Amino acid sequence: MAFFTHQVCRGFSSSAVRNVVIKHVTVIGGGQMGAGIAQVAASTGHSVTLVDTNDDILKKTVKGIEGSLKRVVKKKYADKPEAGEEFIQKVLKNVSTSTDAVSVVQGSDLVIEAIVENLKIKQDLFSQLDKAAPAHTIFASNTSSLPISDIASSTNRLDRFGGLHFFNPVPMMKLVEVIGTSATSQETFDSLLNFSKTLGKTPVSCKDTPGFIVNRLLVPYLLESIRLHERGHGSKEDIDIAMKLGAGYPMGPFELADYVGLDTTKFIIDGWSQMEPNNPLFAQSPMLNKLVEEGKLGKKYRRRILQVQVI
């Protein structure tokens, strides 16, 4: 991993990072991703504090985690209902909530941010937390599209900042993309890799490039599928069937874009096209832009109306 520096920030010893054992995790953001990360961390014995802007959101989030755990228990403890209930209560005891992120991070080994995909908001958050968190605390963002280095630039702990990109739904998806910037220390990166493994996930090492690995391949694929249809080279239905039966994909590209959310897909491609305006892979789609403008955002939007939950 030659792209990681092995230097440490002035006034901070490498041994301090190397000896850190991640026990207490703070998750910022009570949406679907934050809830999933909190659930998995609590299920593997970590002490987790979930942070959001108000108690109502947090109550709904914890209730959602409990419902998710019940679904896990239904399969895992089908013949042992008492053991299943004991597991649920044990996990929930590992989860606490707070609306005061600054106070919480003072006792955290790892802070994972899973809030809105807005660079300025993320930078403001981490800038504030950086002043309160102990020297050993590692910061990580769950961003799927923004450069980790840009988010980290708002802090004075560039060597202790990386990316942990989980996939939705977090309890089921085994992959975690672990991202290091040119300033991320090897000790920090190894800590993030090891933490991912303790969650029962399979981590892959990524450079801090647009979309990392999965989205860097996936989003252009979705956009080219839409362009293929725009050119009149295939119906949406035929393209979906072709990719499912011909490539073995569980969903066709239009089904997948509908599931992810057309607004999310557009947001990612808009950001990348600004970074690399001459890259044809990041070219705009008139059809996608029109659908989003009309508020036709896919299944995610319909789920939000039906379930009244934060995505």
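Here, residue 1 is simply the first one shown, and the rest follow in order.
Even glycines carry a Cβ here, placed using N, Cα and C.
Curation plays no part in TrEMBL annotations; they are all automatic predictions.
Lifted from TrEMBL, the feature list:
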BINDING   Gly29, Gly30, Gly31, Gln32, Met33, Gly34, Asp52, Glu117, Lys122, Ser144, Asn168, Lys300  NAD(+) binding site
BINDING   Ser68, Lys75, Ser144  CoA binding site
DOMAIN    24-209  domain '3-hydroxyacyl-CoA dehydrogenase NAD binding'
DOMAIN    211-305  domain '3-hydroxyacyl-CoA dehydrogenase C-terminal'
SITE      His165  site 'Important for catalytic activity'
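Compared over the recorded positions Lys75, Lys122, His165, the count of CB atoms lying within 10 A of a residue's CB peaks at His165.
The Cβ of Met33 (NAD(+) binding site) lies under 8 Å from the Cβ of Ala114, Asn142, Phe166, Asn168, Val170, each on the same chain and at least six residues away in sequence.
For the binding-site residues given as Ser68, Ser144, Asn168, the lowest number of other CB atoms within 10 Å of the residue's CB is seen at Asn168.
Of all the recorded positions listed here (Gly29, Gly31, Asp52, Lys122, His165), Gly31 has the Cα closest to the Cα of Ser68 (CoA binding site). The Cβ of Gly29 (NAD(+) binding site) has 25 neighbouring Cβ atoms from other residues within 10 Å, across all protein chains displayed. The binding-site residues under consideration are Gly31, Asp52. Their Cβ neighbour counts within 10 Å are lowest for Gly31.
Within 10 Å of His165 (site 'Important for catalytic activity'), counting CA to CA, the binding-site residues Gly29, Gly31, Asp52, Lys122, Ser144 contribute Ser144. Of the recorded residues, Asp52 (NAD(+) binding site) and Lys75 (CoA binding site) place their C-alpha atoms 30 Å from one another. Taking every pair among Ser68, Lys75, Ser144, the residues listed as contacting CoA, the largest Cα to Cα separation comes to 30 Å.
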